Amino acid sequence: MDKLKRVLSGRDAEEPSGLAEVLDSTSLGWGTRVKGFIACFAIGCLCSILGSCLLWIPKKGLVLFAVFYTLGNIASLGSTMFLMGPMKQLKRMFEPTRLIATIVMLLCLILTLCSAFWWRKAGLALLFCILQFFAMAWYSISFIPYAR
């Protein structure tokens, strides 16, 4: 378990410095991080499932699906910030190896919400939800070594 903590916090090979000890003492504890991750990920899954159930409502169902599916993906993406911390997560998201995947994923999230709220095109929202699924899969795979 200590090895997993060191890897996720970015201190796998180095000894903790004075600054790292100060940052660790002021941040969330490991148990709190795991609880936050589980809660945020569960909320994300719940929003995605709720969106799938709302898909069958006449007229507004497709827009509700797009909104809840996108909110579920945002919550699931935010859950990983509990494990690594927000700044490290943002740095890793925009590393050169996953920069394109991150941009495509964020663009699909934004375009889905724009098509649901601003343009009010249900078919376009569904298309962006499908693209969002593939973009999230591509982004997730970019964190697995040698998976791309």
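Positions of Cβ are set from backbone N, Cα and C atoms, glycine also.
Annotated transmembrane segment per TrEMBL: 36-57 (among others), in sequence order.
According to TrEMBL, the feature transmembrane segment maps to 63-87 (among others).
Marked as transmembrane segment by TrEMBL: 99-119 (among others). The list of residues near the transmembrane segment (99-119) in space but at least 6 beyond its ends in sequence, with Cβ under 8 angstroms from a Cβ of it, reads 63, 66-67, 69-70, 73-74, 93, 125, 127-129, 131-132, 135-136, 138-139, 142.
Beyond its flanks by at least six residues, the transmembrane segment (125-147) meets 62-63, 65-66, 69-70, 73, 77, 92, 97-98, 101-102, 104-105, 107-109, 111-112, 115-116 of its own chain at Cβ-Cβ distances under 8 Å. As annotated by TrEMBL, transmembrane segment applies to 125-147 (among others).
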